[in-house]
Amino acid sequence: MNTFEIDLGLARYSDWAFTTSVLVLVGALLLLAVELAYSRSRKVEARELVAAGGGSMAGAAGRGSVGVDSARPGVVTAAPRRPVDERIGRAGLALVYVGIVVLFACIVLRGFATSRVPWGNMYEFINLTCFCGLVAAAIVLRRPQYRALWVFVLPPVLVLLTVSGKWLYTHAAPVMPALQSYWLPIHVSVVSLGSGVFLVAGVSSILFLVKTSRLGEPREGALGAILARVPDAQTLDRIAYRTTIFAFPVFGFGVIFGAIWAEEAWGRYWGWDPKETVSFIAWVVYAAYLHARSTAGWRDKKAAWINVVGFVAMVFNLFFINLVTVGLHSYAGVG
């Protein structure tokens, strides 16, 4: 291993950026969760105030002061301030964007430190996958009414990043000889993009199943109030479908590129290696979801369950196949 090729300073900055991105995303999750909790308490207080007749009194007072003053020539009334919970949520969303940028800096710095594409081991692959998932979520959830979904998207991302940083971390080093090919940046980047978008689809389908179950029925309490802030089931189903429509061909091309690389490296396109097999199974499951989604009688809960099975297959493929089984894809870089 040619350690003299590694820029240890940039590698250290990359590690700091990784830690910073995780901390920033944790802070974002806390703020967004506070927005949910604060919104719930504010709604409860509003209901109690209306029940006691305070809402009409407050409305009358408002009409007697602000309304008259605002009609006077030359009098400028201050614009109403955003509710506290909304300001907290917007701050949390801003931290999400900061975390995405810092995670991107972590990936780029690792690449410059090693003078190669920065996805040559499991640590780097998970970082890239999480980055793709966060960018996909930032695009899909850009509307303010979707902000509550970040509370459910960020936990799996943070779990992946925590596992990546604590148990799969690999020091900056040249890529192993088996991966020294121009197919590495093509195959892995495409698979990472598809996997990251599938994460958003999986979370959306899980929430869809919750919203259409007995748990999603209107009820009092914290759970009922939190689920009330989540978009309706049709919106969640639409998000899951559209993200899967995008990720399905992307991931499929990633598998095809891997097969072409396998023929070049090992002399065959397909050898039923554990990684190849589970990737193909996951792709078939997602194909079944898309078919079920357009089939009468299957397009609701049944299709969503198939999508969740595909998501579970992706997670199984990510961890168990890479870290437990032995195959030609055993290049986790840990141990």
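Backbone N, Cα and C atoms are what each Cβ position is placed from, and that goes for glycine too.
All TrEMBL annotations are machine predictions without curation.
What TrEMBL says about this one:
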type: TRANSMEM; residues: 16-38; note: transmembrane segment
type: TRANSMEM; residues: 91-113; note: transmembrane segment
type: DOMAIN; residues: 119-329; note: domain 'Cytochrome c assembly protein'
type: TRANSMEM; residues: 125-141; note: transmembrane segment
type: TRANSMEM; residues: 148-169; note: transmembrane segment
type: TRANSMEM; residues: 189-210; note: transmembrane segment
type: TRANSMEM; residues: 239-262; note: transmembrane segment
type: TRANSMEM; residues: 274-292; note: transmembrane segment
type: TRANSMEM; residues: 304-332; note: transmembrane segment
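Under 8 Å from some Cβ of the transmembrane segment (274-292) lie the Cβ atoms of residues 191, 198, 241, 244-245, 247-248, 251-252, 255, 258-259, 262, 298-299, 302-303, 306-307, 309-310, 313-314, 316-317, 321-322, 325, 327-329, all in the same chain and six or more residues away from its ends. Nonlocal intrachain contacts for the transmembrane segment (91-113), taken as residues 6+ away from its ends with a CB within less than 8 angstroms of a stretch CB, comprise 6-11, 13-15, 17-18, 20-22, 24-25, 27-32, 34-35, 119, 124, 127-128, 130-131, 134-135, 138, 147, 150, 154, 172. Listed stretches 16-38, 125-141, 189-210 were compared with the transmembrane segment (148-169); the greatest number of C-beta pairs under 8 angstroms is found for 16-38.
With a cut-off of 8 Å between Cβ atoms, the residues of this chain six or more beyond the transmembrane segment (16-38) that come close are 84-86, 88-89, 91-93, 95-96, 98-100, 102-103, 105-106, 109, 127, 147-148, 150-151, 154-155, 157-158, 161-162, 165, 222, 225-226, 229. A mean pLDDT of 91 is what the model gives for the domain 'Cytochrome c assembly protein' (119-329).
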